[in-house]
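As recorded in TrEMBL, the features of this protein are as follows:
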- 20-37: transmembrane segment (TRANSMEM)
- 24-506: domain 'Major facilitator superfamily (MFS) profile' (DOMAIN)
- 69-88: transmembrane segment (TRANSMEM)
- 100-119: transmembrane segment (TRANSMEM)
- 125-143: transmembrane segment (TRANSMEM)
- 164-190: transmembrane segment (TRANSMEM)
- 213-232: transmembrane segment (TRANSMEM)
- 348-366: transmembrane segment (TRANSMEM)
- 372-393: transmembrane segment (TRANSMEM)
- 405-429: transmembrane segment (TRANSMEM)
- 441-462: transmembrane segment (TRANSMEM)
- 483-502: transmembrane segment (TRANSMEM)
Amino acid sequence: MARQKLTVLETLDAAKTQGYHFLAIVIAGMGFFTDAYDLFSISIVTKCLGRLYYTDLNYSKPGTLPPNVYAAVTSVALCGTLAGQLFFGWLGDKLGRKSVYGFTLLLMIVCSLASGLSFGHEPKGVMATLCFFRFWLGFGVGGDYPLSATIMSEYANKKTRGSFIAAVFAMQGFGILFAAVISLIVSASFKHHFHAPSYAKDRARSTQSQADYVWRIILMFGSIPAALTFYWRMQMPETARYTALIARNTKKAAADMSSVLQQDIVEEVEIVESHVVGGDTWGLFSRQFAKRHGVHLLATTTTWFFLDIAFYSQNLFQKDIFSKVGWIPKAATMNAIEEVYRVARAQAIIAMCGTVPGYWFTVAFIDIIGRYIIQLQGFFFMTVFMFALAIPYHHWTTPGHHTGFVVLYAFTFFFANFGPNSTTFIVPAEVFPARLRSTCHGISAACGKAGAIVGTFGFLYSSQGKTAATRDKGYPKGIGMKNSLLVLAFTNLAGLAMSLLVPEAKGKSLEEMALETVEEGEEPQPSTSRV
């Protein structure tokens, strides 16, 4: 016979939307705001770093980061994120979600500030310290993924749970936009006060010494939003599902949620005893897990992997893509600070027109049309628009057609965020049992970051031209931008195929999805409903 559900969990599932829901969204969401700022602000300043530390005045083009340095600077935070997702995901199930939630934010604050510092003025010293602190910054960012998703899913009611988790993740869009806006403000201020000719006119004077402050201020600014929410994050109570189902302290869970919901919650003794004495004990590597959730884990890991190959390639290298199609002027026609300004402006436009709206379309519709449909249509349109960019690529590079390229490019971001970039974050927080929820979300997210690392390294080299004139200094021959975009289109197509395995959690409780109301000896019926 199925186990009866605890009263505190029934109350949470049926609770009306209240102030504490929005407070939880803000507290958890500001972590993602900071995550996005920290991860994507680096793409705005890499060209500035190349000019400052690797310019060769005998060369006709401004300095760029050497291939190995560029790969390290853009990818090291992703490596840290992957490690953090696995470690803090596991720790969140062992010690509790709240117990390690504050530490991840503190790590982000400290490392954001430290990213703007460096030992000495030589390129090796600056890049080494930047990479060191960005790895640990990524480690903290990684912890935020499983913990924020799990906390929000366990706080929310089942009717609007998808929208609440999506709203937390949607703060990533504002973080990307905020990084561009802060970069615009900082670079515009410095550009106004420190004039310099373009590289083509005066190679030595085109790189202002003050540009060294620009990139540091931009990176360090990411610590401010995180610091503003640290106190409130520390005041959040542990989730009732962790306290009741894992710590097996139903009395404390009821007391915590009574305070939050401002209503009395009293558990029946018989139901409490069935959960304290009974309950599943099998682990992640057991036959029972494989039978109940093996397909779910395969779906969440593979779809996130394929998504992030495309998503991070497009985000971290959009400045290079826009330069090659001519939307951003050639580097030699600008000075160092002006180039930061131009890159930030392009990122801000894409974020406002495609990235941010996509996230909030998901918030609005996920509990109406469901996770499954949103993920499928997102991957489908990402594939369509990527093919539309890649196949007639040479048409888009000719004068007069740049705007069309940017519009289609913005649509790929819109459907990434009104699609799999949101749903791959939401689904793993809903389909796994409480005692493995944070761990499985961390594994799914880590597979995504593995895809991001593959995409970052792969796109960096593959997008280089086949001739010396069409590739950056120091890079080997690549397959070109057109073929690289085609590879991303087929990657999206693979994500679409694996999305057919994704379960639908709309309108169901976490216990229904995780089969936690099924006794250990009973035959489970894994969720395959798409309705």
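Glycine is treated like the rest: Cβ placed from N, Cα and C.
A Cβ distance under 8 Å defines the sequence-distant neighbours of the transmembrane segment (483-502), meaning residues of its chain 6+ beyond its ends; these are 295-296, 298-300, 302-303, 306-307, 309-310, 313-314, 371-372, 375-376, 379-380, 382-383, 386-387, 389-391, 393, 420, 423, 427, 455, 458-459, 462-463. For the transmembrane segment (348-366), the partner stretch with the highest count of Cβ pairs under 8 angstroms, out of 100-119, 164-190, 213-232, 372-393, 405-429, is 405-429. In terms of C-beta pairs under 8 Å, the stretch of 69-88, 100-119, 213-232, 441-462 lying closest in packing to the transmembrane segment (125-143) is 69-88. Sequence-distant contacts of the transmembrane segment (20-37) (same chain, six or more residues past either end, CB-CB distance under 8 Å): 104-105, 108, 112, 141, 144-145, 148, 151-152, 155-157, 160, 164, 167-176, 178-179, 182, 221-223, 225-226, 228-229, 232-233, 236, 260-261. Spatially, the transmembrane segment (405-429) is not adjacent to the transmembrane segment (69-88); fewer than three Cβ-Cβ distances between them are under 8 Å for residues at least 6 apart in sequence. The predicted model assigns the domain 'Major facilitator superfamily (MFS) profile' (24-506) a mean pLDDT of 88. Ranked by Cβ pairs under 8 Å to the transmembrane segment (213-232), the stretches 69-88, 164-190, 441-462 are led by 164-190. Here the transmembrane segment (164-190) has Cβ contacts under 8 Å with residues 21, 24-25, 28-30, 32-37, 40-41, 44-45, 148-149, 152-153, 155-156, 208, 210-211, 213-214, 217-218, 221-222, 225, 315, 337-338, 340-341, 343-345, 347-348, 351-352, 355-356, 358-360, 362-363, 366, 417, 422, 425-426, 429-430 of the same chain, all six or more residues outside its ends.
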